[in-house]
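Asker: Here you go, one structure.
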Amino acid sequence: MTAIADIPTSRETTTRHSVLPALLPFLGVFVLAMILPFVSNDYWALIGTRAAIYWVLVAGLNLVVGFAGHLAIGYVALLTLGAYTTSVLAAGNVLPPVPIYGALIIASCVGAVFGVIVGLPAMRLRTFYFAMTTLGFATIVTQIALAWQSVTGGGIGIVGPEFSAPFNTPWGFYYLCIGFAAVATWLSANIAYSRFGRALIAIRDADVAAEATGISKPKLLVSIFLLAGAMAAFAGGLFASLQTYITPDAFTFDLSVLFFIAILIGGRGSILGPMLGTIILTILPEIAAPLAAWSTFLYAVLLLLIVLVMPGGIAALLDFKSRRPLASNRAIVPRIAGLSEVLRKTATTKTLTLREVVLTFGNVRAIDGLDLDVKPGQIHGLIGPNGSGKTTTLNVISGYYAAKGGTITLGDDALPPGMPELRAGKGIARTFQTPRVIGEASVLENVMVGGTIEGEATFAEALLSLPRHHRDERKLTAQARAMLGVVGLEALADVRADRLQHSELRFIEIARALMLQPDFLLLDEPAAGLSSDEITRLGALIKAISRRGTGVLLVEHHADLIFDICDQVTVLNLGKILAAGTPAEIRVHKEVVSAYLGG
Ligand SMILES: Nc1ncnc2c1ncn2[C@@H]1O[C@H](COP(=O)(O)OP(=O)(O)OP(=O)(O)O)[C@@H](O)[C@H]1O
């Protein structure tokens, strides 16, 4: 077998972090946009401007839909809100007239607030139900625009705001909107390729793992909804100016569908794809003018085609490197010596203690008065027959379930029941029985997600690409690469995680957990599905991690691994302790042998 580190073909290293190749397609689109005025007429200025304005909205919405995975289908509402706010302020219907740029800024602030209000249901609702609430909001906004005649002009409408020279000509306004579109691209890319963007994808594809790494979903989503709402309303102001006159009819459901489908055609988790999707969908009705009346039907067909033929959208079509074959005879060879470089934190002296912990599911007492001490620098094995409560114990410690009774303490501090997102900050990391990785992200990005809470830059700093954000990225990238070296997956760093073998996913999870420099590491059946060689290497890795001061709680069915590396073993049966002691004691414990190990 070839050690992964020796495989040259798997060094397919064009990543989100190698900036220039990733920038080229955007520069290409920008150059084409700059050439357009010289090769076309005013009609195309209108189409080009419209595409740029739509993209300002879609660039923000893409973070909500494509990255966070929330089906906000009624975003035309925020376009409408921005259009009316800008127009009303600029026209001076309510207050003295506000200059257009001031009106745009105020409209963005209003959009940000309403972006959060529309987004709030996403904290609890997903998919269809959330989509319906956004649609409901779209209807409400249109109805208000119709009914509030004194301000909005009702069905008659209102004049859109006007820009002054040099932006008051078709091509002048076009250049201005291309400029805004470029800024929107930059802002959304800054977030997408920051720890916040990775956290969004983690929430979308592996939310339980995201919580375990300390990612706070509500805080992150509020920031994203603020940004997307502001961008949509800003686009609304530009749209009103482009239309010169707006009525509620200008904001059709078709527009909402266009924004949404542009992202689906583009592909989730991509910026370039949805940008191309927006351009295509804006131009399509123009070059197929006779079909304009059929646009909703066309969108529906297009959507079906995407789902059936290319579910990954344009981004997947352009992802050439993921089509290159990977070497099939890969072996995972951890470089344990590297641990001293990546686990530098001073070891804790605290013990993780469970006392009388109880958790019930209906009538099932999954854990029934459990006492457990996981000491720093030791490996504590937790074994028992299927359904004996091992995973539930891990879930209670990691806050995924709130215990119904008993206490869990870390040294003298009681761990609050539930609240899994707070465990990472307390130094507790975990892996999962079924690996929870982000298939569409690279191996490196998956591991970087583990260090999300280590980042220091705020959301605003990442948005504006300020130095602290770059420091975070450099630090996280270097740490994650080093961590991948330790677990033996360095050569696969830039490969999409969904191309990896099951055993490799298990090692990714360990690398991700280690990014927290945890005091305690909870491992749920890390050897399941591994070959005997891999189990031996895994055992050596776990032992080395514990010897650097981390307390390990190891749930495992491979008795040999447990007896080889554990310092203490607890055997569960029906949620209660059947036996506890050293591996030597457990190996010969009569009841354990008859109930679990076999005669
Ligand atoms: N979410 C849940 N809802 C209802 N019952 C549950 C839930 N999770 C676990 N249980 C029940 O709690 C008991 C303990 O389950 P748990 O998964 O902790 O066992 P385990 O020892 O980890 O088993 P295995 O080795 O098969 O993973 C079982 O009876 C199981 O059916």
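Using the three backbone atoms N, Cα and C, a Cβ is placed for every residue, glycine included.
Feature annotation from TrEMBL assigns transmembrane segment to 20-40, 52-78, 98-120, 127-151, 171-193, 220-239, 297-320. Taken from TrEMBL, the feature domain 'ABC transporter' covers 352-599.
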Asker: In the same chain, which residue numbers or ranges, 6 or more beyond the ends of the transmembrane segment (297-320), come under 8 angstroms Cβ to Cβ?
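Answerer: For the transmembrane segment (297-320), the list is 25, 254, 257-258, 261, 264-270, 272-273, 276-277, 281, 284-285, 288, 291.
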Asker: Quick test of the contact rule: Cβ under 8 Å, at least six residues beyond the ends. What residues does that give for the transmembrane segment (98-120)?
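Answerer: Sequence-remote neighbours of the transmembrane segment (98-120) are 64, 70, 72, 74, 77-78, 81-82, 85-87, 89-90, 92, 133-134, 137, 161-164, 221-222, 224-234, 236-238, 241.
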Asker: Between the stretches 52-78, 171-193, 220-239, which one has more Cβ pairs under 8 Å with the transmembrane segment (127-151) than any other?
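Answerer: When the Cβ pairs under 8 Å are tallied, 52-78 comes out ahead.
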Asker: Apart from its near flanks, which chain residues at least 6 from the ends of the transmembrane segment (220-239) lie with a Cβ under 8 angstroms of it?
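Answerer: Residues 53-54, 56-57, 59-61, 63-64, 67-68, 70, 72, 75, 78-87, 100, 103-104, 107-116, 118-120, 122-123, 161, 177, 180, 184, 187-188, 191, 196, 199-200, 203, 246, 250, 459, 463.
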